[in-house]
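J.: The following block contains the structure, expressed as structure tokens.
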Amino acid sequence: MAAMAVGGAGGSRVSSGRDLNCVPEIADTLGAVAKQGFDFLCMPVFHPRFKREFIQEPAKNRPGPQTRSDLLLSGRDWNTLIVGKLSPWIRPDSEVEKIRRNSEAAMLQELNFGAYLGLPAFLLPLNQEDNTNLARVLTNHIHTGHHSSMFWMRVPLVAPEDLRDDIIENAPTTHTQEYSGEEKTWIWWHNFRTLCDYSKRIAVALEIGADLPSNHVIDRWLGEPIKAAILPTSIFLTNKKGFPVLSKMHQRLIFRLLKLEVQFIITGTNHHSEKEFCSYLQYLEYLSQNRPPPNAYELFAKGYEDYLQSPLQPLMDNLESQTYEVFEKDPIKYSQYQQAIYKCLLDRVPEEEKDTNVQVLMVLGAGRGPLVNASLRAAKQADRRIKLYAVEKNPNAVVTLENWQFEEWGSQVTVVSSDMREWVAPEKADIIVSELLGSFADNELSPECLDGAQHFLKDDGVSIPGEYTSFLAPISSSKLYNEVRACREKDRDPEAQFEMPYVVRLHNFHQLSAPQPCFTFSHPNRDPMIDNNRYCTLEFPVEVNTVLHGFAGYFETVLYQDITLSIRPETHSPGMFSWFPILFPIKQPITVREGQTICVRFWRCSNSKKVWYEWAVTAPVCSAIHNPTGRSYTIGL
């Protein structure tokens with residue numbers, strides 16, 4: 001049968017389905033669709049024109065089977081190759097009570113039969129503003145029984161009536177007409193998934209028409225859980241050789257959908273009758289093969305998209321060998337460090353002193369030695385003499401450093417097994433070098449570590465890095481909201497998972513406004529009273545109707561003069577993959593209207609044993625303060 005099943009785009013192949021409104025012979029049709037290269041078939045579970053009666057006699061008791069037998073296909077084929085479709089006459093939100101009640105019963109009958117067949121997914125239409133009863137019937141179905149189907153809501157990218165020329169002037173306006181026409185369908189979807197309490201089993205099948213909305217509307221859709229994209233054959237153009245192709249704008253949208261690994265569904269009749277129907281699918285394959293290749297960062301991050309990880313706590317915990325190994329593979333970070341040390345050595349030691357002036361370098365938090373090697377390479381490149389101390393608190397990593405020293409470094413490097421804050425240095429350093437930054441700059445306690453070590457830096461000494469700044473940006477992402485919600489632990493407060501940050505490769509999300517600087521730290525810190533607690537207020541203008549789910553955190557650091565590292569999207573160091581962004585979630589999604597401002601308050605707090613963040617949204621509405629007193633998350637000193 002078909003090569004693949006619903007639910008996965010294996011490798012680089014496009015996963016695709018054929019949408020049909022009527023299937024007289026199911027086994028024959030499935031065979032023909034598979035022969036054309038499609039992986040699954042979308043079809044009605046009941047005959048689309050068979051209106052069942054559930055209320056009135058005698059039609060209510062009409063004899064005979066309601067639909068065809070499940071024995072026409074094997075259980076495996078039902079499980080993997082068929083996506084069910086709701087009959088088009090079912091209208092659970094009809095204002096006519098008889099139609100509504102009949103529709104409710106018919107909808108449950110079809111959903112239950114789909115569950116009985118074990119269908120992997122079921123398509124339901126969202127084609128009007130009010131879908132409240134549809135949401136109730138579906139939610140009740142999800143919460144009863146032990147089935148595991150996904151429910152794909154078929155939502156048009158642009159509402160069909162917005163394309164009509166005959167819209168009646170001065171007609172009474174409905175609620176959603178306070179939104180622009182091209183935003184209507186997103187509002188339908190947002191209200192629907194809110195009514196369904198963000199169920200992970202409800203996703204979007206986005207129907208793409210000939211006309212596309214503006215980029216910000218498309219951007220917002222790409223933060224939604226899109227599982228499928230429905231492409232009508234009518235949107236395809238014809239090239240010189242008679243083959244179906246898409247406009248440049250549509251191609252760009254397809255490239256973005258391919259990144260989300262959506263499945264494509266072709267619907268409609270063959271508009272290119274000289275060509276086989278499979279030519280539509282072949283064109284999608286062609287686009288997939290010719291999309292821009294992934295960069296080094298995307299290749300490294302493959303498989304980690306939207307996967308939540310707890311931030312490392314290298315001060316409190318000793319890292320494992322594999323963790324060091326991953327970070328050491330970064331091609332950019334250490335070359336930037338080498339360049340910074342090289343420049344610093346040239347600035348500190350004039351040419352005429354290069355044979356007599358020996359610079360004392362201390363690598364604080366040496367790990368398995370990558371910064372020591374970068375320092376030695378920089379000294380060689382600059383033709384300057386250095387004396388190195390490699391200070392590391394993890395006794396397991398010290399074994400690696402001592403082996404390096406024995407086999408490679410020799411007496412030029414002194415390995416010190418100690419916490420840098422407690423070490424009594426035999427001399428003062430000209431340069432201290434460290435890589436203590438986390439995804440939010442200071443979240444691995446670089447300020448506390450370097451402040452505790454700066455007493456053994458000379459008065460004119462240099463710290464590499466010399467400065468770092470965290471950044472925040474508001475984001476919308478159903479996927480991440482649901483991932484955080486699923487992190488609930490048995491013995492903790494039921495909302496504790498919303499009061500802690502996560503390191504995550506952001507993928508299925510929409511950034512609502514440009515990142516803004518949050519906290520800045522400089523080294524050496526010459527303040528007479530050093531205090532690393534911080535408080536900032538950030539205001540983000542939002543130009544689109546949307547929903548806020550949390551904040552993405554980034555950082556930039558100045559290693560030395562003009563040598564920098566950054567994970568802020570606008571200035572991201574090309575090819576660097578040592579850090580994924582950080583996510584600060586919020587407990588309750590907040591609806592934001594176009595033109596409103598999101599105001600967030602962020603605190604960095606500490607006591608003698610730990611550091612933590614607190615955060616709260618104060619506009620357009622107030623949230624609770626998250627993580628007060630560090631009750632859900634702290635970073636151990």
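The backbone N, Cα and C atoms fix where each Cβ goes, and this holds for glycine too.
Model, not experiment: these values are computed from the prediction.
Per Swiss-Prot, the features are:
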type	residues	note
ACT_SITE	Glu435	active site, proton donor/acceptor
ACT_SITE	Glu444	active site, proton donor/acceptor
BINDING	Tyr324, Lys333, Tyr334, Glu392, Asp419, Met420	S-adenosyl-L-methionine binding site
BINDING	Phe327, Glu435, Glu444	protein binding site
DOMAIN	308-615	domain 'SAM-dependent MTase PRMT-type'
MOD_RES	Ala2	N-acetylalanine
REGION	13-292	region 'TIM barrel'
REGION	465-637	region 'Beta barrel'
REGION	488-494	region 'Dimerization'
J.: Counting by DSSP secondary structure, give me helix, strand and coil numbers for the region 'Dimerization' (488-494).
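T.: Split into helix, strand and coil, the region 'Dimerization' (488-494) gives 0 helix, 0 strand, 7 coil.
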J.: Select the most exposed residue of Glu392, Asp419, Glu435, Glu444, where exposure means the fewest other Cβ atoms within 10 Å, treating these as the recorded positions.
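T.: Least crowded of the recorded positions Glu392, Asp419, Glu435, Glu444, by Cβ count within 10 Å, is Asp419.
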J.: Look up Phe327 (protein binding site) in the DSSP assignment and report helix, strand or coil.
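T.: Its secondary structure by DSSP: helix.
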J.: Taking the Cβ of Met420 (S-adenosyl-L-methionine binding site) as the centre, how many other Cβ atoms fall within a 10 Å radius?
T.: 25
J.: Please find, for Phe327, Glu435, Glu444 as listed binding protein, the greatest distance between any two Cα atoms, in Å.
T.: 15
J.: Just checking: which of Lys333, Glu392, Asp419, Met420, Glu444 have a Cα that is within 10 Å of the Cα of Phe327 (protein binding site), counting only these recorded positions?
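T.: Of Lys333, Glu392, Asp419, Met420, Glu444, within range: Lys333.
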J.: Please list residues from the chain of Tyr324 (S-adenosyl-L-methionine binding site) whose Cβ is under 8 angstroms from its Cβ, counting only those at least six apart in sequence.
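T.: Looking at Cβ-Cβ distances below 8 Å from Tyr324 (S-adenosyl-L-methionine binding site), excluding near sequence neighbours, one finds Gly367, Arg368, Ala397.
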J.: Give me the count of other Cβ atoms within 10 A of the Cβ belonging to Lys333 (S-adenosyl-L-methionine binding site).
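T.: I get 24 for this one.
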J.: Over all pairs within Tyr324, Lys333, Tyr334, Glu392, Asp419, Met420, the annotated S-adenosyl-L-methionine binders, what is the largest Cα to Cα distance, rounded to whole Å?
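T.: Greatest Cα-Cα span of the listed binding residues: 24 Å.
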J.: Average pLDDT across the domain 'SAM-dependent MTase PRMT-type' (308-615)?
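T.: That region's mean pLDDT is 96.
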J.: Counting across all protein chains shown, how many other Cβ atoms sit within 10 Å of the Cβ of Phe327 (protein binding site)?
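T.: Taking all protein chains shown, Phe327 (protein binding site) has 18 Cβ neighbours within 10 Å.
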J.: DSSP three-state call for Glu392 (S-adenosyl-L-methionine binding site): helix, strand or coil?
T.: strand
